[in-house]
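A.B. asks: Sharing the record's features from Swiss-Prot:
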type	residues	note
ACT_SITE	Arg146	active site
ACT_SITE	Lys170	active site
ACT_SITE	His241	active site
ACT_SITE	Arg244	active site
ACT_SITE	His267	active site
ACT_SITE	Tyr276	active site, O-(3'-phospho-DNA)-tyrosine intermediate
DOMAIN	1-85	domain 'Core-binding (CB)'
DOMAIN	106-289	domain 'Tyr recombinase'
Amino acid sequence: MDTIIEEYLKFIQLEKGLSSNTIGAYRRDLKKYNTFLELQKISHIDFIDRASIQQCLGYLHDNGASAKSLARFISTIRSFHQFALREKYAAKDPTVLIETPKYDRKLPDVLEINEVLALLETPNLAKINGYRDRTMLELLYATGMRVSELIQIELEDVNLIMGFVKVFGKGNKERIVPLGDTVIEYLKTYIETIRPQLLKKTVTNTLFLNMHGKPLSRQAIWKMIKQNAIKANITKSLTPHTLRHSFATHLLENGADLRAVQEMLGHSDISTTQLYTHVSKSQIRKMYNEFHPRA
């Protein structure tokens with residue numbers, strides 16, 4: 001099993017172009033799966049059947065796994081067994097009759113427009129790292145891109161004359177996202193004036209750099225967002241995706257086309273984008289309850 005798992009992980013990295021974070025999640029799920037099978041003395045992939053998978057799911061559930069975690073786990077092992085069958089490592093796929101549990105998708109936390117503006121205005125523009133941070137925050141809110149996508153952007157991906165940025169999303173899929181005048185101005189100053197000061201003697205095409213001239217990490221950007229949110233007196237629970245959620249919700253609240261928002265976010269399934277319409281409706285209900293005299 002260990003060999004097949006490693007071959008599968010190589011496959012999803014090379015053929016599907018998944019990020020290291022996604023591959024890490026797949027690896028953790030498959031390690032749990034393999035550990036359980038070893039405890040059950042199942043030593044060969046063809047000895048796995050529907051009953052052993054259901055026992056594994058029961059074991060994970062009893063140890064606190066949520067319906068969402070189980071759904072992801074099933075998706076991982078289903079993909080793994082399909083690969084094993086296709087590549088002739090196995091004679092059958094035991095996941096065929098396994099159902100994915102349904103779970104309530106949590107509505108994402110969204111910042112109000114005034115909260116976004118407060119967050120954007122927090123970095124100190126007199127400092128080079130402050131100007132860089134303001135530019136990153138502006139770009140995240142202007143495009144709805146993921147933090148993991150932001151750190152991959154290179155200079156040639158940004159076209160300030162035409163007003164767009166190339167974003168490489170999940171599976172290395174490329175999409176073009178338009179840029180507004182405000183973020184274009186910040187990017188122009190950052191690229192021409194701020195980035196050369198950060199670059200120093202380093203040679204890299206990565207757009208956003210730390211104070212040592214190296215590409216910024218996901219963790220560093222997340223830390224920056226949290227610190228600025230505290231300074232802006234934002235009490236909501238933030239995640240690295242909060243500005244992405246806010247971007248989508250604010251567009252839809254102002255009448256943007258759902259499919260256009262789907263395209264900008266890079267969602268392969270429109271049902272994922274539709275989640276933001278529910279956020280908008282919940283905001284409408286909240287306003288109705290607060291302001292209507294007969295609510």
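Note: Cβ is positioned from N, Cα and C throughout, glycine not excepted.
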A.B. asks: Under DSSP, the domain 'Core-binding (CB)' (1-85) has how many residues in helix, strand and coil?
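C.D. replies: Per DSSP, the residues of the domain 'Core-binding (CB)' (1-85) fall into 68 helix, 0 strand, 17 coil.
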A.B. asks: Whole-number Å distance between the CA of Arg146 (active site) and the CA of His241 (active site)?
C.D. replies: 7
A.B. asks: What average pLDDT does the predicted model assign to the domain 'Tyr recombinase' (106-289)?
C.D. replies: 86
A.B. asks: Looking at the active-site residues Arg146, Lys170, His241, which sits with the largest number of other Cβ atoms within 10 Å of its Cβ?
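C.D. replies: That would be Arg146, with the most Cβ atoms nearby.
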A.B. asks: Can you grab the distance from Arg244 (active site) over to Lys170 (active site)? Cα atoms, rounded to a whole Å.
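C.D. replies: Cα to Cα, Arg244 (active site) and Lys170 (active site) are separated by 15 Å.
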A.B. asks: Give the residue from the active-site residues Arg244, His267 that has the most other Cβ atoms within 10 Å of its Cβ, counting over every protein chain displayed.
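C.D. replies: Per the Cβ count within 10 Å, the most buried is Arg244.
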A.B. asks: Cα-Cα separation of His241 (active site) and His267 (active site), in Å?
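C.D. replies: Answer for this pair: 14 Å between alpha carbons.
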A.B. asks: According to DSSP, which of helix, strand or coil covers Arg146 (active site)?
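C.D. replies: Its secondary structure by DSSP: coil.
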